Amino acid sequence: MRVLKFGGTSLANPERFSQAAKLIEQAHLEEQAAGVLSAPAKITNHLVALSEKAALNQSTDTHFNEAIEIFYNIINGLHTENNQFDLNGTKALIDAEFVQIKGLLEEIRQAGKVEDAVKATIDCRGEKLSIAMMKAWFEARGYSVHIVDPVKQLLAKGGYLESSVEIEESTKRVDAANIAKDKVVLMAGFTAGNEKGELVLLGRNGSDYSAACLAACLGASVCEIWTDVDGVYTCDPRLVPDARLLPTLSYREAMELSYFGAKVIHPRTIGPLLPQNIPCVIKNTGNPSAPGSIIDGNVKSESLQVKGITNLDNLAMFNVSGPGMQGMVGMASRVFSAMSGAGISVILITQSSSEYSISFCVPVKSAEVAKTVLETEFANELNEHQLEPIEVIKDLSIISVVGDGMKQAKGIAARFFSALAQANISIVAIAQGSSERSISAVVPQNKAIEAVKATHQALFNNKKVVDMFLVGVGGVGGELIEQVKRQKEYLAKKNVEIRVCAIANSNRMLLDENGLNLEDWKNDLENATQPSDFDVLLSFIKLHHVVNPVFVDCTSAESVAGLYARALKEGFHVVTPNKKANTRELVYYNELRQNAQASQHKFLYETNVGAGLPVIENLQNLLAAGDELEYFEGILSGSLSFIFGKLEEGLSLSEVTALAREKGFTEPDPRDDLSGQDVARKLLILAREAGIELELSDVEVEGVLPKGFSDGKSADEFMAMLPQLDEEFKTRVATAKAEGKVLRYVGKISEGKCKVSIVAVDLNNPLYKVKDGENALAFYTRYYQPIPLLLRGYGAGNAVTAAGIFADILRTLQH
């Protein structure tokens, strides 16, 4: 005998209902089959709402009519498929049931409340009608059907709304029915009968449990749970798209997973199957050829030490603590006896080794009752201050990692908690079962999905993912996108994926939580309708529970730089070539670092100085190793390196500036380069890295241009005026040459001060040969002197700058 149970989604419409029927038929043709059915999807919700609204004397018409319509739709479809289906007879049964429901609703209205026995009678009508429709389907195809009446044949103990089946007595009753071998067996799920013969329920979503009980009573070869997914996954595939299907699980693994929130199987399903070692197979009604997941006692050890990650939401944690608990016998017993007496299920328990406190979780719906019960139980201790006031923390979730292999495996807990820490998720409490089959962490509910994603990434997925949010798509930003596209396959081989989830310019932005299609990103951005808005980005990462978001600023805007502190606080890493943030007032500079440290996220700005050259990282490493910066000089502008190199070759200032502008070495308005302010910012950043606390206004700057030159003029007008300075620079170049020197635009840090100026350097100076757009940075330190640590290379250009940003983005994975 095979038992097949079908859930509501598998019976939701005529097509799915027929598919379920055919699967029962196919099983019956191979060996006798029993079908256990839930109510069609949405029906139980409607029925529950009917009694609730009737008790409040509210209209029930909408729920009543929608429920009937679902049944009518199914039977009409089944009749269309097979005109032998007894449409009129089945419709009459449905109508009769709803007439009875209407009568019960009227009684509820009169009483102003709903008794549990009446509620149970209404709530289970969906299952009863599923059986009526399935019986008609089989009879239309010439089969003889045996209906197992769960009220008469499954003995249960407990309340009207949640009871447990007595398998031994129920087996005797089922055996006494002498079910003929040729009959298709059908039974409504969710229901049983108490010792008085009254209808009772097995708890919401209890049809899985019903099927397991029937399988145990029949001594079935297998209990198949047919649902709308391919089996049991390592976590909810709706939360983590790359969750893995588990081919096998042990009974105990399945019980732990279902207890802590896995939705595929009801927590009590395994209990009746385990004593007889009846396998439980989870299958997909919509994909019956898929192998599914097998749960039994014969699971062999396999590579997966962890089988699943679950989240159980809507919990409250109670902390009972105080000096009166230390060494006092029976305190824990009193706590949990009080909970048991109030009918409150305790889900997780943790106790400090000092015996000073006990913490436990209950469903949040039970929190108020639990608090009242505890305060009553410990009234004397609370009054005498032997106990502190009962603390209740609401809106919590339990994240659990489950697997039989965890007992032998090392480092699972470390990876679990490390993943939560890296996702900036605070842990409220921790518990581990004595079997070492599961580890649980209590976290804020608004972080639960991020916790599942981060934990799954750490335990199951070697692939590291960066979710990139790019602001600024000019030369550098556009080149960065192209590099990301080019490197996709290479990074995939290294198990790294960069998903560009947002692209924004000053006006509009594109968003996609799964990563944008970058093939035609420019055109897509041009046609985007979403205005650029940082608040939308923040809402986006919270809505989609992004685990590793990286905010990349490729603008030079002060306004965007002003967002970094908030971005770090809200959970972004920040990567930027924009120098404005690091050269703002020291208060903001320090705030950025404090926020990065507090949120355990990275603020990376290697390209602030030297574009793709590893300047910042090398300086930080030197200082971390105990070195000290004593003196610095460097050429920090690629455009001015080019310009002064060409002056040396004999070109005039106006000629070389026009050439640099044409080649794109300068800003569209070359005065931005010639003012020296960009070099001043870079020099200030280096000084601050070395621990020198200066403001931008403290940097002494000698610009290339005289003060006031071309003020109020356009860029083109400025270029027309520039020849006025040619003779002066020709003279300065000649004077330097006569002394065996060349002119360079140099930034210096000395004795706690910063200066940017035009300097004549001789052949012995490391900056003498630096030109053609190269940068060179000479660090004289305690360790590096008299010969400095010299970093030299091209420090300008979209490609090298984008490559430096790319490297910083990848460094966030070392988080």
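In case you wondered, yes, glycine gets a Cβ from its N, Cα and C as well.
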Which single residue out of K453, K494, K579, K771 does Swiss-Prot record at the NADPH site shared with V476, T555, S556, G797?
K579
Record says V473, G475, V476, T555, G797 bind NAD(+). Source is Swiss-Prot. Which of A441, A504, A528 does it list for that same site?
A504
In whole Å, how far is K682 (active site, proton donor) from G475 (NAD(+) binding site) when you measure between their Cα atoms?
20
Over all shown protein chains, what is the count of other CB atoms within 10 A of the CB belonging to G797 (NAD(+) binding site)?
18
Have a look at the binding-site residues (E667, D678) and report the one with the fewest Cβ neighbours inside 10 Å.
E667
For the C-alpha pair, I'd like the distance in angstrom between S556 (NADPH binding site) and G797 (NAD(+) binding site), rounded off.
15
Candidate binding-site residues V473, A504, K579, G664, G797, pick with smallest Cα gap to D678 (L-homoserine binding site):
K579
Quick check on the recorded positions: of K579, K682, whose CB has the lowest count of neighbouring CB atoms inside 10 Å?
K579
If you count other C-beta atoms within 10 angstroms, which of the binding-site residues V473, V476, A504 is the most crowded?
A504
Could you measure between E667 (NADP(+) binding site) and G797 (NAD(+) binding site) for me? Cα positions, answer in whole angstrom.
11
For the region 'Aspartokinase' (1-249), provide the mean pLDDT of the predicted model.
96
